[in-house]
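The structure appears right after this line, and notes come after that.
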Amino acid sequence: MAGPAFRAAAVRVRVPATSANLGPGFDAFGLALGLYDDVVVRVADSGLTVDIAGEGAENLARDERHLVVRSMRAAFDRLGGQPRGLEVVCANRIPHGRGLGSSSAAICAGIVAARAVTIGGASALGDDALLALASELEGHPDNVAACLRGNFTVAWTEDGGARTVTLDPSDRVVPVVFIPSTEVLTEAARGLLPKTVPLADAALNAGRAALLVEALTRRPELLLAATEDRLHQDYRASAMPDSAALVAALRSEGVPAVISGAGPTVLALTDEASAVKVLNFAGAQFAAHRLELDRTGATVLPLDM
Ligand code: HSE
């Protein structure tokens, strides 16, 4: 059987950074942030070229091992066949190993680009299949759901596939990220988690996670209580002591703060009136940035943007 046909024109895909967990929503909640990687892909006659600028340019593989390329290959397999050649250009702005979803961004960029350069790709690999594939490649659905759909996502796995609902975070929420210079690998941070947790801790997290849906969408004044977590942050604190201390300092001042994903970035969910004061918590170990909420998720853009 003949494989798929491909577009001759290049496509540009923009994918947002994401913050997973948001405190109590371990492996379920994700928030898309206005910090983006761009990937430009063109189907070529032969071979593979990978250019990288920005984050990871010094150490990422420029061959089949690159995560964008591996993700494209997986998507092309689902779409019915590989192109003869590929040119991939990555402009990376999401820092790596910091809990801001850089690997999910690479995966989502790759599969969205593969679909976009394949004629009939959108019907062959629909949005639900795209999410399921991204989650399979990433190993958990929380970051990829927010990266693909934008906004605030609640993801879960059912019948072996990832699913998500997308909610609109309140316009009053202003995200501030505190990014340290050191990396923490997600695998290492997951290795610190216990196999079982006390029932009281599980119960607290379930209640706070439910509350966070209301707080983040409609009542940000409840965010401090709603972002409390007992399932993962304390267990991981030894791998990111400065981040754990910053979360504690912010929370003691009434600022809703959490470890972003598997860390070590700290995410504060603040508001317009407090954002400047919150940025001043950064100290020497962290680069603090006020970000926008991303409302669109992974997007195929015209090439001149
Ligand atoms: N939910 C995942 C974790 C996010 O906390 O391990 C990793 O990016």
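Glycine residues also receive a Cβ, built from the backbone N, Cα and C atoms like all the rest.
Taken straight from TrEMBL:
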BINDING   Pro95, His96, Gly97, Arg98, Gly99, Leu100, Gly101, Ser102, Ser103, Ser104, Ala105  ATP binding site
DOMAIN    67-150  domain 'GHMP kinase N-terminal'
DOMAIN    216-286  domain 'GHMP kinase C-terminal'
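Structure coloured by features recorded in TrEMBL.
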residue: Pro95; record: ATP binding site; contacts (Cβ under 8 Å, 6+ apart): Glu55, Ser102, Ile179, Thr265
residue: Gly97; record: ATP binding site; contacts (Cβ under 8 Å, 6+ apart): Glu183, Val184, Leu185
residue: Gly99; record: ATP binding site; contacts (Cβ under 8 Å, 6+ apart): Ser19, Ala20, Val184, Thr186, Ile259, Ser260, Gly261, Ala262, Gly263, Pro264, Thr265
residue: Gly101; record: ATP binding site; contacts (Cβ under 8 Å, 6+ apart): Pro16, Ala17, Thr18, Ser19, Ala20, Gly30, Ile94, Asn143, Ala146, Cys147, Gly261
residue: Ser103; record: ATP binding site; contacts (Cβ under 8 Å, 6+ apart): Leu67, His96, Glu138, Asn143, Thr186
residue: Ala105; record: ATP binding site; contacts (Cβ under 8 Å, 6+ apart): Val15, Pro16, Ala17, Thr18, Asp37, Ile94, Cys147
Reported mean pLDDT - the domain 'GHMP kinase N-terminal' (67-150): 97
Counts of helix, strand and coil residues, the domain 'GHMP kinase C-terminal' (216-286), according to DSSP: 33 helix, 9 strand, 29 coil
Listed in sequence order, residues not in Pro95, His96, Gly97, Arg98, Gly99, Leu100, Gly101, Ser102, Ser103, Ser104, Ala105 with Cβ within 8 Å of the centre of the ATP site Cβ atoms: Ala17, Ile94, Gly261
